[in-house]
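Annotated in Swiss-Prot:
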- Asp128: active site, proton acceptor (ACT_SITE)
- Ile10, Gly11, Glu12, Gly13, Ser14, Phe15, Gly16, Lys17, Ala18, Lys33: ATP binding site (BINDING)
- 344-360: compositional bias 'Basic and acidic residues' (COMPBIAS)
- 579-591: compositional bias 'Basic and acidic residues' (COMPBIAS)
- 691-700: compositional bias 'Basic and acidic residues' (COMPBIAS)
- 4-258: domain 'Protein kinase' (DOMAIN)
- Thr156: phosphothreonine (MOD_RES)
- Thr162: phosphothreonine (MOD_RES)
- Ser414: phosphoserine (MOD_RES)
- Ser418: phosphoserine (MOD_RES)
- Ser428: phosphoserine (MOD_RES)
- Ser438: phosphoserine (MOD_RES)
- Ser653: phosphoserine (MOD_RES)
- Thr661: phosphothreonine (MOD_RES)
- Ser664: phosphoserine (MOD_RES)
- Ser798: phosphoserine (MOD_RES)
- Ser834: phosphoserine (MOD_RES)
- Ser868: phosphoserine (MOD_RES)
- Ser881: phosphoserine (MOD_RES)
- Ser1052: phosphoserine (MOD_RES)
- Ser1126: phosphoserine (MOD_RES)
- 330-360: region 'Disordered' (REGION)
- 578-600: region 'Disordered' (REGION)
- 648-669: region 'Disordered' (REGION)
- 685-704: region 'Disordered' (REGION)
- 1118-1171: region 'Disordered' (REGION)
Amino acid sequence: MEKYVRLQKIGEGSFGKAILVKSTEDGRQYVIKEINISRMSSKEREESRREVAVLANMKHPNIVQYRESFEENGSLYIVMDYCEGGDLFKRINAQKGVLFQEDQILDWFVQICLALKHVHDRKILHRDIKSQNIFLTKDGTVQLGDFGIARVLNSTVELARTCIGTPYYLSPEICENKPYNNKSDIWALGCVLYELCTLKHAFEAGSMKNLVLKIISGSFPPVSLHYSYDLRSLVSQLFKRNPRDRPSVNSILEKGFIAKRIEKFLSPQLIAEEFCLKTFSKFGSQPIPAKRPASGQNSISVMPAQKITKPAAKYGIPLAYKKYGDKKLHEKKPLQKHKQAHQTPEKRVNTGEERRKISEEAARKRRLEFIEKEKKQKDQIISLMKAEQMKRQEKERLERINRAREQGWRNVLSAGGSGEVKAPFLGSGGTIAPSSFSSRGQYEHYHAIFDQMQQQRAEDNEAKWKREIYGRGLPERGILPGVRPGFPYGAAGHHHFPDADDIRKTLKRLKAVSKQANANRQKGQLAVERAKQVEEFLQRKREAMQNKARAEGHMVYLARLRQIRLQNFNERQQIKAKLRGEKKEANHSEGQEGSEEADMRRKKIESLKAHANARAAVLKEQLERKRKEAYEREKKVWEEHLVAKGVKSSDVSPPLGQHETGGSPSKQQMRSVISVTSALKEVGVDSSLTDTRETSEEMQKTNNAISSKREILRRLNENLKAQEDEKGKQNLSDTFEINVHEDAKEHEKEKSVSSDRKKWEAGGQLVIPLDELTLDTSFSTTERHTVGEVIKLGPNGSPRRAWGKSPTDSVLKILGEAELQLQTELLENTTIRSEISPEGEKYKPLITGEKKVQCISHEINPSAIVDSPVETKSPEFSEASPQMSLKLEGNLEEPDDLETEILQEPSGTNKDESLPCTITDVWISEEKETKETQSADRITIQENEVSEDGVSSTVDQLSDIHIEPGTNDSQHSKCDVDKSVQPEPFFHKVVHSEHLNLVPQVQSVQCSPEESFAFRSHSHLPPKNKNKNSLLIGLSTGLFDANNPKMLRTCSLPDLSKLFRTLMDVPTVGDVRQDNLEIDEIEDENIKEGPSDSEDIVFEETDTDLQELQASMEQLLREQPGEEYSEEEESVLKNSDVEPTANGTDVADEDDNPSSESALNEEWHSDNSDGEIASECECDSVFNHLEELRLHLEQEMGFEKFFEVYEKIKAIHEDEDENIEICSKIVQNILGNEHQHLYAKILHLVMADGAYQEDNDE
């Protein structure tokens, strides 16, 4: 190292450091590879020295030049030339995504291939070809370096088995741990070429496993079409998974677009040496006999003479060939001398005899031309021979590999074949001659044939030349035979011709000698090979014996270890058994106590269920009795109305469901009630849009129209009540018949009173039972008949909807002609469901509830719906069932459904939202006009308005009652009741601000926060609170219905949506007056205590009898246990698809009807806030609601405690690592029993604050 000065370390790999140094002798920079061999095993040291031997033999312009090597201080130093241009990897990265030009890529690739050819021709595998090991010199020449893991193959048949190389460049056979040879270098060459074309690795992955899978599959992104087809196809050939399918370096260089570039980088001498001398080294004397002894051959023959200067040093050419080559060399050198010697006398002759000179020059020109032609022909022959030879070599090599594989698998001992004998070839410098002989042995048969062919050609050429020369020599008598340019030997050459036979004999003798020598070599090789195989076999046998002895010792140790472990295990088991015995004794008594407690709990639950069922039955009987009484009263009123109209009550046929289902005697009495269609026809609304429009216009212009509409609604209510009585016995088919169209109802009416049908002339069509008809058939008739009519609720109580109608067909047209306000028109879609008159709903919902219970049981979950709690709350359930039936019928949001019985259903809420203000105003105006007829009249008016306005009043009632299931709905319903009592103008312009004012009113109307929360938590909420209840139940039981966006929003959180819905719902409720708040409060209480109170309130009959009935029903419902309601809710939840819950808020309808305003609002508003905040102040902002809640909590708990809990909840929610489930336990511990019930409110406040801080800037 004293000759070099270290400059810097430029790299470090697993095989050593690379240090840039400067030579003190010549001042040039070199790279020294420092390999620490002091820590290496002897084998590793040998490998390092092998690298030196390999590098010493590598002399090629495209291979990094080896200078010297030395060992010093336990390290091996290898001195190589320094490539200033850096490596190809850095050059690729410097492009920064800009692709190389194809010429540049091919120039580099050709140079890499030439270097690799030089390596492979010497039976060396590089095994670490990658862009980091390909270097660029100052002038742009590419050089292959880093032969640190190169392996000299003892023969081309031998396949290396070690898995070495950079992961990105590993070949599939290495990844699969299969044998590999030079074709693995070809794969790596393909990786480098791909990298040059795309600036990326062909195979990239995040883990070694995925990388190996990609390499084995052989799939890589295609090369850009920017490059030629030849280049792209070359890349795909290099990436063939099967090594045999990949081309060799030689075949790559034979490709036209590659071969034409070789001349740019190799001198003619090197080209001849790389592509010609390989054949010379194999065929020995073949090239020399091929050269003709003509004068024109001199230049060509001299070149081979120079190339063979040190053949043994490079290629290990057999000594016999070297001698033969030297002999020919001596023969040719004299030729040159003779030529020169004869040229000088030739000049003398020319000076003396100019004429001869002229003629001689002419003859020389002719001969030179002939020689050039002959040269060209010979070049062509040589190139053809080269191509044939390359093909033969490739074919033979593949055959050898196949043979070696077959032999190796057949016989392990002979796996190495002749390869192991050939190990000395370049493995160490001292055995060159034997190795060369061995390399030649495999080709001996072919070599002999080639030698014979070449010799034959040489003899033929000599004879040909003789004939030509003799024939040409005759006319040129003046020229001496020795002076002829065709004969470089001059006269001597002339004398040699008679000795041609001697030459042939010599050649034959040499050929025989070489054959004998080859045969002897083969025999010797076989003997040596056999000896080696035997020795190796014995060695392996000895090693196997040693391993066996070692294994026996291990087995003894393992057996002893197993015994010790088994003993320890048994001891541990015994100790555990003892401990377990003590624990069992202690736990046995506890287990008994636990089982006794479980039995007690089970018995208690059963007794509670039985009690609830009994109470449900009693309540049902009472409600039925009251419904019958109410029905009788309604029937009388209806008959009076008919008499006033000139129609006999006997002519009126009962509702459709009564004929089909029979029912109790009281229910059968109701059959005399006529259908809505017949009532409309009697009034003059002859199922035509024009009549309906006229009535709507008259309604707005005159009170007479209003009164007629109210009477129609009364009739409708009676029909609904009658239908509800029979609902208990009706099937799904009944429900569908009722909902399909009114023609079926008229058909049933025909049966009861055939005389009236004669007047109507529509009976014949209606005889067909609807359950046997397809939906399309029944629907088309429905469209014709129900366009402008008030749709009557069928016996099942499901709201009437015309499926085929678009909202614009009926309601919009009617509304457009009715000169209604825009606000009412907006709600058409939503209000469709609420057209059913509130009066009918009051009792009909009950009746329909029963029938719907049955229907629902058929349709949805018979068991869940038929539960006694459901029956007991038949009013509630009837409401729920109407909703269910509505949804069953298609959740139609069309205006035709405005009459539906959803007054208390969530659909009502939707309608309210869609008509927030107008509905209430209309409702109020109607209520103010007349109290007695109000419920019916108002309902009729509402129905008509609904058809015209899009749910004007009935929807208001329904929506008011249902808008805020626990709070706003009740308030609205109560307000509506009050309003119904106070007659007012039919329509009012309502401003949305009024809705905002309603919020505080509604909140004040609600029960105290604790009460509302208690109801919520127990899922005893009234039917109007169904939305809340369904959400709470869904959240607590994990029943998240994908059809309900509210649930989706609150899946993993408390149902925060209630806060926003309540706050935003209030404005949509409509204009509700303060004087109605009292009724709302009553209704809220009823709702909370019993699900069906709201129904009665919805119907809002001002008759004293009805009021008494209301009061009694409210009393009954207050006494109902919460369990019944929860059971009912559960049954309703089971039917979540229909979602017609008794609570009156039809969540499913809301969610199913996103097109309507109400549905959209319902998503946010349908759920009421807990009602914790009771303030009568009017709030214009959501923040006021939250601040009131905050103030209320601070006053009740104390600021410090409230702040502590608030911060605790907030911290737990903000910490992603915290389990939110733990939050409730921790917080409830802090709150204690006294304030434990406030946890939900604080949680809502935290969630709301977080939501507004993050998302809402308003």
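Cβ from N, Cα, C; glycine included.
Taking the C-alpha positions, the distance from Glu12 (ATP binding site) to the residue listed as 'active site, proton acceptor' comes to 15 Å.
Here the Cα atom of Ile10 (ATP binding site) is found 18 Å from that of the residue listed as 'active site, proton acceptor'.
The two recorded residues, the residue listed as 'active site, proton acceptor' and Gly16 (ATP binding site), have Cα atoms 14 Å apart. Note on the binding-site residues Ile10, Ala18: the fewest other CB atoms within 10 A surround the CB of Ile10. Over the domain 'Protein kinase' (4-258), the average per-residue pLDDT in this prediction is 86. The local packing around Gly16 (ATP binding site), expressed as other Cβ atoms within 10 Å of its Cβ over all shown chains, amounts to 22.
In this structure, Glu12 is the one among the recorded positions Glu12, Asp128 with the smallest number of other Cβ atoms inside 10 Å of its Cβ.
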